[in-house]
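Colleague: Once you've had a glance at the structure underneath, I'll fire off some questions.
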C-alpha cells in the first residue's frame, strides 16, 4: 500500500467511532505475527524435547527461534537499531521478549554444540554446557510468557486486555511444541517411535486452549465495552470470520481432532502424525493472526450528552 493509500485509510478510520488497529497484522506488521507464532513453537518444542530427550527437536527449536528473531527484525522500521529493544526492560514486554530470545539462542548454542559435535571445545556436563542449559531454559520461559503480555499492555484495544490472554499464548506455545515434534519425527524418518504420551498431551492442551479461548470470547462479548464486542463480531461474523472458521477451527481443531480419534482404532503413522502437527500449527497461526487483526481501538472522539 503506497503512502497516499495509507493516508486515505487513516482518514477513513479516524471517521469511525470503532476503528480497527492496523499496525500489527497488516503490511510490515505481519512479521510480528509470524515472529510470535514461530517463537512460541520454538519455546514449546524446546521444553518437550528436553523432557522426552528428543535431540532433533532441540535443533528444530533453535532454528525456529532464530527464524522468529529474523521475523521480529522484519517488523522493525530500522532493523539495524534492534539493540535498542534491550534498553526498556523495565517498561516494555517487547524488550523483555528480546532479552528472553537472546538468552535462549545463546544458551541453546552452548548446550547443543557438544551434543551434536563431539569435537567441540567443551563437553556435555561441562560448565559452559550447563550454563547454556540454564540460559536456554530461562529464555524459553520468558519467550512463552511475554507474548500474551505484549497484547494485554495495549490498553487502547480492550479485546486483548483479558487476563486469560497470556495463559492462552502459553498454552498455544505448548501445543505448537508438540506439533513441531510430530513433524520433526516425520522429517527425520529415523524409525524411532515417538513417545507414547505426546498425542494425549496434545489432546489435553487442545482442550485447555479451546476452553480458554471460549472464555475469552464470552468475556469480551458480554462486557460493557463496545470495542471489545466489535472485535468478537469481527472474529465470528465479520472480516476475520473466514480465518476463524476455516483456519483456526477447521484446520486447527477439527482435522487434528479427527486424526487423534482415529488413532483409537490403531496407532497413527508418522506421516499422519505430521499432518496432525502441520494442521494444528496452521490453526495456531490463524488464531493469532485473526485475533490480532480483529483488535478494535477505543473511540478517539467521545460523544457528549447535550446539556439541557
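Cβ coordinates are placed from backbone N, Cα and C, and glycine is handled just like the others.
Note that the structure is predicted; figures quoted are calculated from it, not measured.
Annotation source TrEMBL lists transmembrane segment at 29-49, 55-76, 97-113, 133-154, 166-187, 199-221, 242-261, 267-287.
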Colleague: For the transmembrane segment (55-76), which recorded stretch in the set 29-49, 133-154, 166-187, 242-261, 267-287 gives the largest number of Cβ pairs separated by under 8 Å?
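Modeller: Top-ranked stretch among 29-49, 133-154, 166-187, 242-261, 267-287: 29-49.
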Colleague: Which stretch, 199-221, 242-261, 267-287, tops the Cβ pairs under 8 Å count with the transmembrane segment (166-187)?
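Modeller: Selected stretch: 267-287, with the most Cβ pairs under 8 Å.
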Colleague: State the non-local partners of the transmembrane segment (199-221) in its own chain: residues 6+ outside its ends, Cβ under 8 Å from one of its Cβ atoms.
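Modeller: Result: 48, 158-159, 162, 164-165, 167-168, 171-172, 174-175, 178-179, 182, 228-229, 231-232, 235-236, 253, 256-257, 260, 263, 268, 273, 276, 280, 287.
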Colleague: Give the nonlocal contacts of the transmembrane segment (133-154) in its own chain as ranges (CB under 8 Å, at least six residues past its ends).
Modeller: 36, 39-40, 42-44, 46-47, 50, 65, 93-94, 96-97, 99-108, 110-111, 160-163, 165-170, 173-174, 292, 295
Colleague: Please determine whether the transmembrane segment (242-261) and the transmembrane segment (29-49) are in contact (criterion: at least three Cβ-Cβ distances under 8 Å, sequence separation 6 or more).
Modeller: no
